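Shown next, in structure tokens, is the structure this report addresses.
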Amino acid sequence: MQRIAGITKMVTHRRWLGLLLLLLCVGYSHGMPHVLRFGGIFESIESGPSGAEELAFKFALNTINRNRTLLPNTTLTYDIQRINIHDSFEASRKACDQLSLGVAAIFGPSHSSSANAVQSICNALGVPHIQTKWKHQVSDNRDSFYVNLYPDFSSLSRAILDLVHFFKWKTVTVVYDDSTGLIRLQELIKAPSRYNIRLKIRQLPADTKDAKPLLKEMKRGKEFHVIFDCGHEMAAGILKQALAMGMMTEYYHYIFTTLDLFALDVEPYRYSGVNMTGFRILNTENSQVSSIIEKWSMERLQAPPKPDSGLLDGFMTTDAALMYDAVHVVAVAVQQSPQITVSSLQCNRHKPWRFGNRFMTLIKEAHWDGLTGRINFNRTNGLRTDFDLDVISLKEEGLEKIGTWDPASGLNMTENQKGKTANVTDSLSNRSLVVSTILEEPYVMFKKSDKPLYGNDRFEGYCVDLLRELAAILGFGYELRLVEDGRYGAQDESSGQWNGMVRELMDHKADLAVAPLAITYVREKVIDFSKPFMTLGISILYRKPNGTNPGVFSFLNPLSPDIWMYILLAYLGVSCVLFVIARFSPYEWYNPHPCNPDSDVVENNFTLLNSFWFGVGALMQQGSELMPKALSTRIVGGIWWFFTLIIISSYTANLAAFLTVERMESPIDSADDLAKQTKIEYGVVEDGSTMTFFKKTKISTYDKMWEFMSSRRHSVMVKSIEEGIERVLTSDYAFLMESTTIEFVTQRNCNLTQIGGLIDSKAYGVGTPMGSPYRDKITIAILQLQEEGKLHMMKEKWWRGNGCPEEENKEASALGVQNIGGIFIVLAAGLVLSVFVAVGEFLYKSKQNAQLEKRSFCSAMVDELRVSLKCQRRLKHKPQPPVMVKTDEVINMHTFNDRRLPGKETMA
């Protein structure tokens, strides 16, 4: 009985135990799984240490299991398999092994061939495949069991293109590591067809890490804007080799597509001046992210990075951060799937996981704020969307954030412009720059000294002072060098090659060109210019014409010959009009005998001769005894008086100047005069900006001048300004040059003068190589000098000379015969003419008397001459006819001027 009772008791205990197990199973079936396995497949070198992705995979799982915040009732385990790089068969076999164990998801591998093999298996069996490396997505992709946390490279390519636009690059070199780089940068490669960008594509050597031959070609080709598409290890090697080849200077600007640029050791390049830009997806500014990275650095000590990787200790790479976020995203999906169970799957049975579709949907719908920012997926293709990138750039303090980029709003540069301006002095301090210049007064000249001078002390001038002021503001040192070929810089039409200072800037033989270097369109295409420090134009330098003394008839010069002719015509016209009006107006006829009011005879004083005499008297401002009585004749007289008043006043005002000033008559007065003649030769400095202006001009006058100069190129072109000035002084030659230099020369040589005004308008600026970081800094310093008035002070210092005596400063000299001798000639001519007229009148009157007295002409002339020679006699007998004439036969001698009053009868 006891045995039976014991058996019964044991059975009862087993029933209770079974019931308890049943309840536990029921409870387990309605809650989250207690243990869930993830699979990880990672590439590694045989017997090598664990990679960063594998460590991040373990680190993420351990973090979730320790915190118990995300999955409080579930423990995550893992199965890690290692494969050789690019071994897709081994990757497939390892994936099948993990699926047979039962995994909820497979992470990795990284390389595309192995990843594609694993992806096809996961897609067939309905198991999520999680990737953290870039993979090329075809347009008809049907891999529904797939998500990728790496940003889509079409977006990254647009981000790089936005940077190129922001930096205003016109020439870009793309250097890629493998063929997938061309796919990743397709947006940038398409840019030349849509934007004005010249693109050159190069490939890194495939079988070696020696990039020096490629870098040498780039240096020879002056390729300063380069985009490197490679991993962080190759990027670190390229930077070291570029430093050894002298390609880590301020003229080079590199953009790296790797998101691990922030983790590279850039300490050797901080003070090199090189421009280095990249992107960072790791949100290091978040305190929680920083805390996780700090914990990661402790884990990383177990497997530090390889010495040749170029990575800094304690930095979490982008691949590791993406793997960490990938594990957490899948854990979020596990949290949302309470009844998920894993099962063993066989690759040869093609029986998919029954929870696969649901679990994959939960993963694509999951949201997580991870180390790499907000994580969302496109539910169609499984690609990541809505990610943010930090734009980082190398500064003297290291790599700093200068902006952000996201697919929605694009590039947003957030660099502190105020701080950037404040650091202008710091960025150039203690740097030594090579400055190219050219000898030209008063810009750069050799300093006159009894002692031998060396270095920068050999030079003086406006540009030397300007350079000294710029160096004082920006804190840099400099070495002043004369340009080797002595030219400013022009492009050869046949070869397209440049010379002079422009060439030295293009070849980076000089950092600055501080000289009278004009800012032109063609130069701006190959070099950069600062803001102008001087504005000017082209004008004509010519000999000052010799002064000519006024001639004896210079009193006629105040009025032009046309005006003299018009005055004569006006005088004749007014006199005739006055005569006609006076004849027609009844008020100009008057009684010649006022004492006899009954006289029927009236007289008109304005005969034709009297009308001419009236005009002469008014013109000479002497008047006459003739006065108009009618209103009409008074109007004519008043208008004529007003006319003569203005004419005489204008004549008098100009007469003094024309009699006292020596006339400076130049054969040319403007560029038009030069273009219309060929007697006076004219030219410019060869290969200068003035020559470029005439060569490129579309204005007909200047184009005609260029045809003349180009046809006589060897005879009219000069090598320097000094040669041009010498030709002006020694021959009949006009020199076209900058107005500021003409101003300087004419202040010191009174035999030279400027002809006409400015032909064009241009400016001088400080030249820098294309893309030089010094340009903006130089511009700011020039604007500061302008606001302080120092540019004007320097110009006054170097342009002010003794000056030439001004004409108006001369004392008035006494007038000589050569000034007003013509007046005496006119007077003498008038006297001689009056004598001849008097003789004519005497002869004419003698003839009339002879006819009246019925005697000979000679006797009448002798009598008249006898009376005329008796100077004291005032009276003489009036000639009488020999016979008496009847009263009614008396002829009125004024029949032409007298007329009888109307209504009166004629005399009987």
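Each Cβ is built from the backbone N, Cα and C atoms, and glycine gets one as well.
If you look up Swiss-Prot, you'll see Pro516, Ala518, Arg523, Ser689, Thr690, Glu738 marked as L-glutamate binding site. In the three-state DSSP assignment, the secondary structure recorded for Ser689 (L-glutamate binding site) is helix.
The number of other CB atoms found within 10 A of the CB of Cys347 (disulfide bond), across every protein chain shown, is 15. Marked as disulfide bond by Swiss-Prot: Cys96-Cys347 (among others).
Per Swiss-Prot, disulfide bond is recorded for Cys750-Cys804 (among others).
Taken from Swiss-Prot, the feature N-linked glycosylation site covers Asn67 (among others), and the record attributes it to sequence analysis. Cβ neighbours of Asn67 (N-linked glycosylation site) (same chain, under 8 Å, six or more residues apart in sequence): none. DSSP gives Asn67 (N-linked glycosylation site) a helix state.
For Asn73 (N-linked glycosylation site), other Cβ atoms within 10 Å of its Cβ number 11. DSSP classifies Asn73 (N-linked glycosylation site) as coil under the three-state reduction. For Asn73 (among others), the entry in Swiss-Prot reads N-linked glycosylation site.
Cβ neighbour count for Asn275 (N-linked glycosylation site): 20 (other Cβ atoms within 10 Å of its Cβ, all protein chains included). According to its DSSP assignment, Asn275 (N-linked glycosylation site) is in a strand. Residues annotated as N-linked glycosylation site in Swiss-Prot, with sequence analysis given as evidence: Asn275 (among others).
Per Swiss-Prot, N-linked glycosylation site is recorded for Asn378 (among others), and the stated evidence type is sequence analysis. Following the DSSP three-state reduction, the secondary structure of Asn378 (N-linked glycosylation site) is coil. Counting every protein chain shown, the number of other Cβ atoms lying within 10 Å of the Cβ of Asn378 (N-linked glycosylation site) is 14.
Same-chain residues at least 6 positions away in sequence with a Cβ under 8 Å from that of Asn412 (N-linked glycosylation site) are, in sequence order, Gly403, Thr404, Trp405. Summarising the annotation, Swiss-Prot assigns N-linked glycosylation site to Asn412 (among others) and lists sequence analysis as the type of evidence.
Annotation comment: Swiss-Prot describes Asn423 (among others) as N-linked glycosylation site, evidence class sequence analysis.
What Swiss-Prot records for Asn430 (among others) is N-linked glycosylation site. Less than 8 angstroms from the CB of Asn430 (N-linked glycosylation site) sit Gly475, Phe476, Gly477, each of them six or more residues away in the same chain.
As annotated by Swiss-Prot, N-linked glycosylation site applies to Asn546 (among others).
Taken from Swiss-Prot, the feature N-linked glycosylation site applies to Asn751 (among others), supported by sequence analysis. Around Asn751 (N-linked glycosylation site), the C-beta neighbours below 8 angstroms that are at least 6 residues distant in the chain are Arg543, Lys544, Leu729.
Annotated signal peptide per Swiss-Prot: 1-31, in sequence order.
The annotation topological domain 'Extracellular' is assigned in Swiss-Prot to 32-561 (among others).
Residues or ranges marked as topological domain 'Cytoplasmic' by Swiss-Prot: 583-638 (among others).
Here Swiss-Prot flags 660-819 (among others) as topological domain 'Extracellular'.
For the recorded positions Cys96, Ala518, Cys750, the ranking by surrounding Cβ atoms (within 10 Å, all protein chains) places Ala518 first.
Our reading of the L-glutamate binding annotation (Pro516, Ala518, Arg523, Ser689, Thr690, Glu738) yields a largest Cα to Cα distance of 17 angstrom. When the Cα of Pro516 (L-glutamate binding site) is compared against those of the recorded positions Asn73, Cys96, Asn275, the shortest separation belongs to Asn275. Beyond the ends of the transmembrane segment (562-582), by six or more residues, the same chain brings 556, 588, 604, 606-608, 611-612, 614-616, 619, 628, 630, 632-633, 636-637, 640, 643, 647 to within a C-beta distance below 8 angstroms of the stretch. Closest in space to Cys347 (disulfide bond), of the binding-site residues given as Ala518, Arg523, Ser689, Thr690, Glu738, is Arg523, taking the CA atom of each residue. Excluding Pro516, Ala518, Arg523, Ser689, Thr690, Glu738, which define the L-glutamate site, the same chain contributes Tyr488, Leu517, Thr520, Gly688, Thr692, Lys762, Tyr764 within 8 Å (Cβ to the Cβ centroid), listed in sequence order. Following the DSSP three-state reduction, the secondary structure of Ala518 (L-glutamate binding site) is strand.
Shown for the topological domain 'Cytoplasmic' (583-638): DSSP residue counts in helix, strand and coil, namely 25 helix, 4 strand, 27 coil.
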